[in-house]
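Inspection log for the structure reproduced underneath, given as structure tokens.
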Amino acid sequence: MQQHFHFDAIVIGSGPGGEGAAMGLVKQGARVAVIERYNNVGGGCTHWGTIPSKALRHAVSRIIEFNQNPLYSDNARTISSSFSDILNHADRVINQQTRMRQGFYDRNHCQMFSGDASFIDANTINVRYADGTNDTLRADNIVIATGSRPYRPANVDFTHERIYDSDTILQLSHEPQHVIIYGAGVIGCEYASIFRGLSVKVDLINTRDRLLAFLDQEMSDALSYHFWNNGVVIRHNEEFEQIEGTVDGVIVHLKSGKKVKADCLLYANGRTGNTSGLGLEKIGLEADSRGLLKVNSMYQTALSHVYAVGDVIGYPSLASAAYDQGRIAAQAMIKGEANTHLIEDIPTGIYTIPEISSVGKTEQDLTAMKVPYEVGRAQFKHLARAQIVGMDTGSLKILFHRETKQILGIHCFGERAAEIIHIGQAIMEQKGEGNTIEYFVNTTFNYPTMAEAYRVAALNGLNRLF
């Protein structure tokens, strides 16, 4: 029998954006319903995206570390693992994350509904369950936090057993010797690192002229060199004409006339917002061609009581930002305005092997803006801690204003880059004279640490001034 419920707010989706909104609302006394399509909370971030891919990367990087460390490699011992082996590690992490996040909802008395959500009208949502039954939920406010999914061109047969996207790759049931990755964005580059780390041949097909063009060019070049040095074949400025599935593999026909054959294909070229099926047309909302919704600074759509957060609104499409967007939307919903906002310089972490992380401006940005900047560099191979642990590939680069010494950008390539970046970010976020590269010279760091790279880079940069 269909039931009817009323809430202060309904949150559609339980990924980072939905969780941030739901927790922000219940902490302010709201009665909240959360609708999740799948049986487990966490969204794509937990089950198909961020968490499993980073768990896979960690397992592979530890294998590489063991095999390259002189303590072990001098004994002619090596270890190896298959993709299915390291998937077990990812599954354990996913289960831990799911239990923890379910606990958040339970402790905060969010009422959960496991089904597909669609609008009946601007304040009413239908929840359709797997058994075909329905419930009707009404609320004063609604948050759309449905995330995104891999883009699937109509002319690619994703039903073929050797053609995967970044969600279905976790269901890989065979052991490929050769993989084609179509799309050299963040996801494509991360999986190129994972497969190559497992000694799988990798062809990385890039539709652009260089890898991760939004990065500082030195970081992009460093990744390209590292891939080349480890045997990844990168094909720039290429697009597919046809993707042909065969009995035992895939052939990619490129518009340039080339052909590439491998055991399987990972298609990782773009994502689209999860808005189809929501019934947006019933409330007068329309997503763009990529399935994304437009919002204002308080994450309100064209309907002031309907909010949208996370990947479904596009940039920056980061789990960390989605959670903050959800909290800000919750505050705006309850108080009528948001006292906080996303920071201007959001750090990016790219979990290739080695990692890349950046915050602030690139050298290309500052040159185009005609800002008089200087560069301070530290090579990891010169740091005692890096030498001790055997991870001496990488560098830290600090960009700062020649006259004010204000830090303008920080770029790191190497193991633990995504952690190291936050030290510099904390100083960059200081107001006025608190943001200065001299902080790193005048502060005593633990020794030996990777954080010492900031002191080395600061001294290097300041020594360039005249």
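For all residues, glycine too, the Cβ spot is worked out from N, Cα and C.
As recorded in Swiss-Prot:
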- Glu36, Arg37, Tyr38, Asn39, Asn40, Val41, Gly42, Gly43, Gly44, Cys45: FAD binding site (BINDING)
Problem set entry | Neighbourhood of Gly44 (FAD binding site), C-beta criterion under 8 angstroms, separation at least six | Gly15, Gly147, Ser148, Arg149, Asp167, Asp311
For this session: List nothing but the one residue from Tyr38, Asn40, Gly42 whose Cβ has the fewest other Cβ atoms within 10 Å; the candidates are the binding-site residues.
Result: Tyr38
Seminar exercise, completed: Sequence-ordered list of residues in the chain of Glu36 (FAD binding site) that lie 6 or more positions away and have a Cβ within less than 8 Å of its Cβ, or none, is Gly13, Ser14, Gly18, Gly43, Met112, Phe113, Ser114
